[in-house]
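Reading through the structure tokens given below for one structure.
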């Protein structure tokens, strides 16, 4: 199961209802953070997400509302006795930011922090997923990120149940290619796996104007998370500041052929999101506006009967 939790959905200034930007992506065995604005670890506590389970942090750009939660996050990990390494990815300047963080306070860490400077292309390559990136169009260098599962066999649930398996951890093991014992019998993965299916794809724009690089990166994604700092009619202001309106974000979603669009990074000047949502849905109907602590499950879009 894959879940996306919106820890913070405000733009440059937080409000009573919206924290600075951060998004948690939960996949089996790992949690990724995309951006880490001020107050992120408190939002994680409210969402029931442990910082100790975060394996990777992906930073889109170095504006304060996207990075100022990192020092506290690292310190809390140290206080709690973390030993597992943490990987941080970001644009040029991310190394200097990390060095500054380590100098500005008292840190006693028993874990390694691996910092990776990213300019685009493949960021992480694992057996079952990859993370890619592309430069977007903001007032400073900004990276859009895309998480994508690699193709894997469909899990034949009904066949597994017929073999005596109950829904639970055994299903996950078999889907990952691990044999499972049921009574005195060992069930092999190939007994309950079908033909390969497309993996889930999730794309996050960071702060950006509508641009071809994000459209290309997000092509065919199950979910596009796109900034919507300004409402429709504010295109000139959005262009000046390197941001997008709700309608522009919807046009990106339509051009990329994504399945669902969720808008985030909302200006505090807008108290009601209905106007933003209406403008976006006129262009791309499958649109929602994120709220803090909102969680959505993301599944692969596959109409095959054995999926």
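Using N, Cα and C of the backbone, Cβ positions are placed for all residues, glycine too.
Cross-referencing 207, 236, 288, 291 against the Zn(2+) 1 binding annotation in Swiss-Prot, which names 61, 63, 138, picks out 207. Straight-line distance linking the Cα atoms of residue 63 (Zn(2+) 1 binding site) and residue 265 (Zn(2+) 2 binding site), rounded to a whole number, equals 13 Å.
Residue 207 (Zn(2+) 1 binding site) and residue 66 (Zn(2+) 2 binding site) are 10 Å apart (CA-CA, integer value). Sitting within 8 Å of the Cβ centre of 61, 63, 138, 207, and not among those site residues for Zn(2+) 1, are the Cβ atoms of 60, 62, 66, 139, 140, 142, 206, 208, 242.
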